[in-house]
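Database features (Swiss-Prot):
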- 1-43: region 'Disordered' (REGION)
- 1-80: region '5-fold hub' (REGION)
- Ala220: site 'Interaction with the intermediate capsid protein VP6' (SITE)
- Phe224: site 'Interaction with the intermediate capsid protein VP6' (SITE)
- Met228: site 'Interaction with the intermediate capsid protein VP6' (SITE)
- 394-414: region 'Hydrophobic' (REGION)
- 422-442: region 'Hydrophobic' (REGION)
- Met839: site 'Interaction with the intermediate capsid protein VP6' (SITE)
- Met841: site 'Interaction with the intermediate capsid protein VP6' (SITE)
Amino acid sequence: MAYRKRGARREANINNNDRMQEKDDEKQDQNNRMQLSDKVLSKKEEVVTDSQEEIKIADEVKKSTKEESKQLLEVLKTKEEHQKEIQYEILQKTIPTFEPKESILKKLEDIKPEQAKKQTKLFRIFEPRQLPIYRANGEKELRNRWYWKLKKDTLPDGDYDVREYFLNLYDQVLTEMPDYLLLKDMAVENKNSRDAGKVVDSETASICDAIFQDEETEGAVRRFIAEMRQRVQADRNVVNYPSILHPIDYAFNEYFLQHQLVEPLNNDIIFNYIPERIRNDVNYILNMDRNLPSTARYIRPNLLQDRLNLHDNFESLWDTITTSNYILARSVVPDLKELVSTEAQIQKMSQDLQLEALTIQSETQFLTGINSQAANDCFKTLIAAMLSQRTMSLDFVTTNYMSLISGMWLLTVVPNDMFIRESLVACQLAIVNTIIYPAFGMQRMHYRNGDPQRPFQIAEQQIQNFQVANWLHFVNNNQFRQVVIDGVLNQVLNDNIRNGHVINQLMEALMQLSRQQFPTMPVDYKRSIQRGILLLSNRLGQLVDLTRLLAYNYETLMACVTMNMQHVQTLTTEKLQLTSVTSLCMLIGNATVIPSPQTLFHYYNVNVNFHSNYNERINDAVAIITGANRLNLYQKKMKAIVEDFLKRLHIFDVARVPDDQMYRLRDRLRLLPVEVRRLDIFNLILMNMDQIERASDKIAQGVIIAYRDMQLERDEMYGYVNIARNLDGFQQINLEELMRTGDYAQITNMLLNNQPVALVGALPFVTDSSVISLIANVDATVFAQIVKLRKVDTLKPILYKINSDSNDFYLVANYDWVPTSTTKVYKQVPQQFDFRNSMHMLTSNLTFTVYSDLLAFVSADTVEPINAVAFDNMRIMNEL
C-alpha cells in the first residue's frame, strides 16, 4: 500500500508539475501579447536589433559579395579607373620639393655697390673745441681758447694700446673713404654770408657759426666769414668751395678728390658692359637709350679674379658660397611650360606597358613619382647645380628599371664631375648589373669599394657590342671643357650634348640592349627592361629637344656669371631623385622656355655686385693686415681681421667656420699686394701720428714715475693736475725699447737713488696693461711704494684733479694746500685752432650724375620662344 501510494504521489506530482508548466507558458504568452500590444500602442520609439549570430551570417554574405564584386571590378576596370589607382600610388610616393632659403637670396640681392652712397659731409678726424683758461692760482678765467681735438676719441676697454688705436682709426678711414666726392651735393648755406654764399658742408657752417658768435673772435675773421662763398668756373665745369679743416683732414679730402673712381659714361661703355654672348645672341633684341648727358658718370666694378682661390682647401667657405650661388641660380632658371598632361602621359604609358588591369608586375613601379612639379624641379636643379658647381647626389630604387633607364640619359647629358663619386658609382653599378650585363648574359659585376675605376669604365673594357661600348666611352669621358670667355673661366658642355646628337648615340645603345636575349634572366625580366627602353625611345625627339633646351639655358645664364667657375666637390650635396628625371623625360613638351632679359640682367647685376663687394672687402682686409704689420702689432689677433672680412661679405656664418680655414685665409690675404689708394691713406696716418696723439684726451706721450711725491703743477688747460708738458731735467727711457728688451734694472737703480724716471712713448691713460702695471709686476718690493699696496689695476694715471689717492675729481679750491702724487702724465699740448691756417678751398666738378645700374638704359625683348635658336642656328626645340 505504502509503495503504491508513493508511486501514486509521484505521478500526481508529475501531473501537477506539467500543469504548473502549462500555466506558466500560458502566462508568458499572455505577457508577451500584452508587451507587444503596449509597444504598438505606446508612443515611445524602440530600436529592434537582430541577434549576434544573425549579424555574423549577414557579414559573411556581404564579404563574399564584396569579394565577388571586387574581382569583377578588377576584370572590368576601364583605363580611366586604372589611371586613378596609379595616380593614388604617385601621391603616396611624394617627391620632396626644393625650399629656397629666402634669407640667403635676400642677402645676396641686397648687396648693393657701396659707391652709390652719397657723401653729405667731408671726411674729418678733428674738430675745433673751446677749452677754458686757468690762472696761476688755479681759478678758471672767463676767456676761452680753441684747440683741435679728435672727433671720436674713444679707447675701448681691455687689453688695448695706442698702436691698436691707430689700426682701428685706419679701419674707420677705410670704411668711410668715399669713392667719389661731389661738393655741390653736400654744400650748405653760410648763414653769416652777405650774399647767400655757400660753404662746403654742414660741419664747416657750424664751425663758422660758433666762431662768429665767439666774443673773442677778431673783427677781421668775422668779415672774412661774411665773405665766404663758392666760386664757380662754368666754362671748366668746376666749382671751388671754402672749408674749415685741420691740415691733416685737408690732406685726406684733397686726396679723395684727386683719386675719385668715377669715369665718364657713354653708350659704348653700357654696350660693352652687357655680356658679349647675350649681345650676340639672336634670341635677344637689345635697344639703348641714346640720350645720356655729358655729365654721366659710373664707377667701374672691381671684378678681379681668383685672388684667394676659395675653392682650394676652404671646404666650409666654398660650400657656403656655392650654396648661395645655387639658390640664386634656381631663382632665375625659367619654369617649364606646357608640359604633357600627367594623366594623359601615364595613360599612354599604361597602354605601352599593356597594363589593362592591375597586376603584380614590376612595370607598375615605372609610373610612380611622375608629375609635372618633379619635372620642373629636376630641370631647375640640373641647371642651377651646374651654374654654381654644386655637387649632386642621386636617389633611386634599383628595382625601378624606368628610373635607371632615365638615369642613363642623365649620365649622358651631365658631366661626371657634377655627382658625388659614391652616388655616381652606386648608380652606374645598378645600371650595369640591372640592365647592361644581364642583356649580354654576363655575370654580375662585383665592384670593390675604393676602386679607382668607375663601373662604366670597367664595363667599357668588357662589353663587345660596339654601340653600347661607344656610349659607355662617351659617358666615361664626359667632362666640362674649361674656356676663358671675357676673362672668366667657364665650364662648357661638350658640343655633342649642346646640339643633342648624343641622344642618338644613347638610343642606339638602348636599342641594342633591348634586342639582346637576357639569357640568364626570366622572360618577365627581359620584357620589363624592353618595355622600359620602349617608353624612353618613344620620346626620342623630345629628349633631343630637352637636351638642347637644358644646354641653351645653362649657357645663356652662364654668360652672366662673373667669378671663375672652379669645380671642386662640395661638402654638402643637392639631392636629385631619378624618379624626377623620369618625370622630366616623360613630360617634357614642345614649348621652348628661355630666360627673360629682365631675369638675365637681374642675375648679372647680383653677380657683379657680390663680386665687386668681395674684391673691395679683400682690399680692406689686406690693407688692415699690412697696417698691423707696419705698426708692429705682433700680438694683434689676425683672426679678428679675417672674421671682419667674412662678416662684410654677408653670406657667411662666421661662427661656424673652422679655425684652420681662418688661419689659412689669413695667410692667403698676407700674400696679396695692397691697393694703392689704401696704402697712401695709411702713409698719411703714419706721418701724422704725433698730431693725432696730441689731439686725443686719452693718449699720453709718456709717464713719469718716482718714489717720492711730486707736486701738482698748474696747467692752462686743466688747472692743477699731475700733467707735465716737458721732460727737462728727467732721465728718459724709451717705452718701445723697454718693452722689447724687458730689462728694468736701469729704472730700478734710478728709483732707488730717488731720481724720477720718464718713460717716453705713446700710451693710453686707461688700460689694464699700463706701463706702471707692467713694471710693478716685475719687482714688487722695489715698487711697493709706487703702487702703495693697492691693486695694480686701480692705479690709473689719468688727469687727477686732487691726487692719485682719491677717486674724486674735485677742482683744487684751497690754494695754500698743494696736493702731491707719485706719477705724472707727460702730455704735449694739442694744436691750437688758427682760423687762417684752417681755411682751405676745395675744388671739384660742378656737377655730374653717377649711375649705378647701367642696364637700366637697355630695353630688351626676346623673339617668340618657338623661334628661338641655339648656337647651331637651328631651333632649340625641333619636335613640334
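Heads up, the Cβ atoms here are built off N, Cα and C, so glycines get one too.
Every protein chain shown contributes to the tally, and the Cβ of Ala220 (site 'Interaction with the intermediate capsid protein VP6') ends up with 10 other Cβ atoms within 10 Å. For the region 'Hydrophobic' (394-414), the predicted model reports an average pLDDT of 93.
For the pair formed by Met841 (site 'Interaction with the intermediate capsid protein VP6') and Met228 (site 'Interaction with the intermediate capsid protein VP6'), distance between Cα atoms is given as 10 Å, rounded to the nearest Å. Between the alpha carbons (Cα) of Phe224 (site 'Interaction with the intermediate capsid protein VP6') and Met839 (site 'Interaction with the intermediate capsid protein VP6') lies a span of roughly 10 Å. In the three-state DSSP reading, Met228 (site 'Interaction with the intermediate capsid protein VP6') counts as coil.
The recorded sites examined here are Met228, Met839; by Cβ neighbour count within 10 Å, the least packed of them is Met839. Minimal Cβ crowding within 10 Å, among the recorded sites Phe224, Met841, is found at Met841. Note: the region 'Hydrophobic' (394-414) comprises 13 helix, 2 strand, 6 coil (DSSP; helix = H, G, I, strand = E, B). Met839 (site 'Interaction with the intermediate capsid protein VP6') sits 10 Å from Met228 (site 'Interaction with the intermediate capsid protein VP6'), taking the C-alpha atoms as the reference points. Met228 (site 'Interaction with the intermediate capsid protein VP6') is 13 Å away from Ala220 (site 'Interaction with the intermediate capsid protein VP6') when you measure Cα to Cα. Helix first, then strand, then coil: DSSP counts for the region 'Hydrophobic' (422-442) stand at 18 helix, 0 strand, 3 coil.
The secondary structure of Met841 (site 'Interaction with the intermediate capsid protein VP6'), as reduced to three states from DSSP, is extended strand.
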